[in-house]
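Taken verbatim from Swiss-Prot:
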- 42-156: region 'Disordered' (REGION)
- 48-150: domain 'Collagen-like' (DOMAIN)
- 50-59: compositional bias 'Pro residues' (COMPBIAS)
- 75-87: compositional bias 'Basic and acidic residues' (COMPBIAS)
- 105-129: compositional bias 'Low complexity' (COMPBIAS)
- 154-290: domain 'C1q' (DOMAIN)
Amino acid sequence: MTIFKKVTTMISWVLLACALPCAADPMLGAFARRDFQKGGPQLVCSLPGPQGPPGPPGAPGSSGVVGRMGFPGKDGQDGQDGDRGDSGEEGPPGRTGNRGKQGPKGKAGAIGRAGPRGPKGVSGTPGKHGTPGKKGPKGKKGEPGLPGPCSCGSSRAKSAFSVAVTKSYPRERLPIKFDKILMNEGGHYNASSGKFVCSVPGIYYFTYDITLANKHLAIGLVHNGQYRIRTFDANTGNHDVASGSTILALKEGDEVWLQIFYSEQNGLFYDPYWTDSLFTGFLIYADQGDPNEV
């Protein structure tokens, strides 16, 4: 028989033992019940009596079958940080790293002290000639020189020039520089300043023929800062020519030039393949008794 059947049989016997006194209770008289109550032992179906003393421990049972491994538990909370450990020994030097990129340029340092003077260097090559300086002030008239040799039959003193421009639209109220020399007899015209400077006192004739385009033209002939003649020509959309001429009595050192006398009316036009603008002057005759006259 199996253990289960043994246990079932034992329980059945216990229940049967409890049921027999209860079944006999109706058949017993009052006498019999009184005897039971007075001194007889209590039956199972009567009221429970006091708890009896514990029985002796039973023999240990056999070990059960090992159960399955449970699921892993959840991670517990992190513990507090431990105390800092002692410093370890210094390790061996590492390998040399790659060269870094060049850093930004630093600020200029303070100027250092002047070093000792070096030896004299080799002489350099001569430089280019500088631009001509400004014309100096006119000097005092010198004393008369000794009489020169006779030049009977020779011509009188000469002074004549004819010049042209090489740029368009000159600035107003300044001498126009006619820098293309066609003739400069005696060298009395200064191309750098645009002025004719009288060296032979006498009567002179001056004339000009100016080409204009795209702008109006207001030009005048100036003698020692004063306008002697003025010419105005309006722009018609085509090339045009403005002309003027006069005769002047000049003394030694007098200056004559052309200039624009009104703002934004400087229509003088230069075209090397089409037209020229000319300024011309020459001596008609010198004053009597002039030392330059032969």
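Including glycine, each Cβ sits where the backbone N, Cα and C put it.
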Self-check item: Helix, strand and coil residues within the compositional bias 'Pro residues' (50-59) as assigned by DSSP
Solution: 0 helix, 0 strand, 10 coil
Exercise. Over the span of the domain 'Collagen-like' (48-150), count residues by DSSP class, listing helix, strand and coil in order.
Key: 0 helix, 0 strand, 103 coil
Self-check item: Tally of residues which DSSP labels helix, strand or coil - the domain 'C1q' (154-290)
Solution: 0 helix, 77 strand, 60 coil
